[in-house]
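Enquirer: One structure is given below, represented as structure tokens, and several questions about it will come after.
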Amino acid sequence: MFPLLLVAELVVLSLVTSVKSQETDPLHGSKDQPLFRGADRNDFAIVVSPGAIECFWQFADQMGYLYFSYEVQRILGMSHDRHIVATAHTPQGFLIDTSQDVRGQINFATQETGFYQLCLKNEQNRFSSIQVYLNFGVFYEGPEVDHKQSQRKQLNDTLDAIKDSTQRVENQVFHMWRFYNYARMRKVADFFLLQSNYTYVNWWSTAQSLAIVLSGALQLYFLKRLFTASTTDTKKPRC
């Protein structure tokens with residue numbers, strides 16, 4: 001009975017390990033199913049815990065351009081250090097670039113096809129979480145990389161010209177969208193800073209008002225004590 005239980009536990013552990021490896025490895029997939037590449041453009045906000053590391057994977061083909069922008073929006077905790085470390089790694093795990101600031105960008109050309117790792121490290125704060133807005137993705141200059149493109153028929157010169165013009169317009173609109181998202185990140189960060197300053201000024205004004213009222217009450221109390229004298233039959237106040 002005991003050997004059967006031991007074998008069953010080993011089977012369960014192997015299944016759990018295989019499931020975990022499938023969840024954590026972005027490159028893992030069956031040979032029969034196509035590889036899930038994900039979206040080419042991503043923008044969202046995330047909260048990084050104290051001393052934690054948050055990583056994301058962006059798929060990119062060779063000869064593309066990958067951009068990674070970040071903006072610290074606010075700090076949730078006692079610390080006031082708004083700096084965060086951003087890193088980018090190749091699909092093989094080699095470091096490409098590092099940025100450590102309140103806001104920054106990492107842009108580079110993709111030299112190989114695969115999942116590029118983008119990480120945020122909140123190593124400067126041990127007691128405060130940081131809310132960061134992210135905007136990252138990949139774009140391609142010139143013809144889009146596609147394995148099926150070689151099998152398509154060649155279009156005539158007029159359609160090629162229309163396609164090139166449309167692609168140039170699309171690239172320009174895409175870059176406008178990138179700059180718009182970066183400006184939106186700055187706007188949200190300024191809003192949280194303004195809200196924090198407003199709360200600080202209100203609390204400081206309230207504390208000063210209470211201090212003024214308390215000091216006035218104490219002064220009135222001590223002045224009243226100076227002019228108040230106890231009178232008895234043998235001890236009377238003198239002029």
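In case you wondered, yes, glycine gets a Cβ from its N, Cα and C as well.
Sharing the features that Swiss-Prot gives for it:
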{"type": "SIGNAL", "residues": "1-21", "note": "signal peptide"}
{"type": "TOPO_DOM", "residues": "22-200", "note": "topological domain 'Lumenal'"}
{"type": "DOMAIN", "residues": "53-138", "note": "domain 'GOLD'"}
{"type": "CARBOHYD", "residues": "Asn156", "note": "N-linked glycosylation site"}
{"type": "CARBOHYD", "residues": "Asn197", "note": "N-linked glycosylation site"}
{"type": "TRANSMEM", "residues": "201-223", "note": "transmembrane segment"}
{"type": "TOPO_DOM", "residues": "224-239", "note": "topological domain 'Cytoplasmic'"}
Enquirer: So, by DSSP, how many helix, strand and coil residues make up the domain 'GOLD' (53-138)?
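Expert: Helix (H, G, I), strand (E, B), coil: 0 helix, 62 strand, 24 coil.
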Enquirer: Including all protein chains shown, what's the count of other C-beta atoms within 10 A of the C-beta of Asn197 (N-linked glycosylation site)?
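Expert: Other Cβ atoms within 10 Å of Asn197 (N-linked glycosylation site): 10.
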Enquirer: For the topological domain 'Cytoplasmic' (224-239), what's the mean pLDDT in this predicted model?
Expert: 66
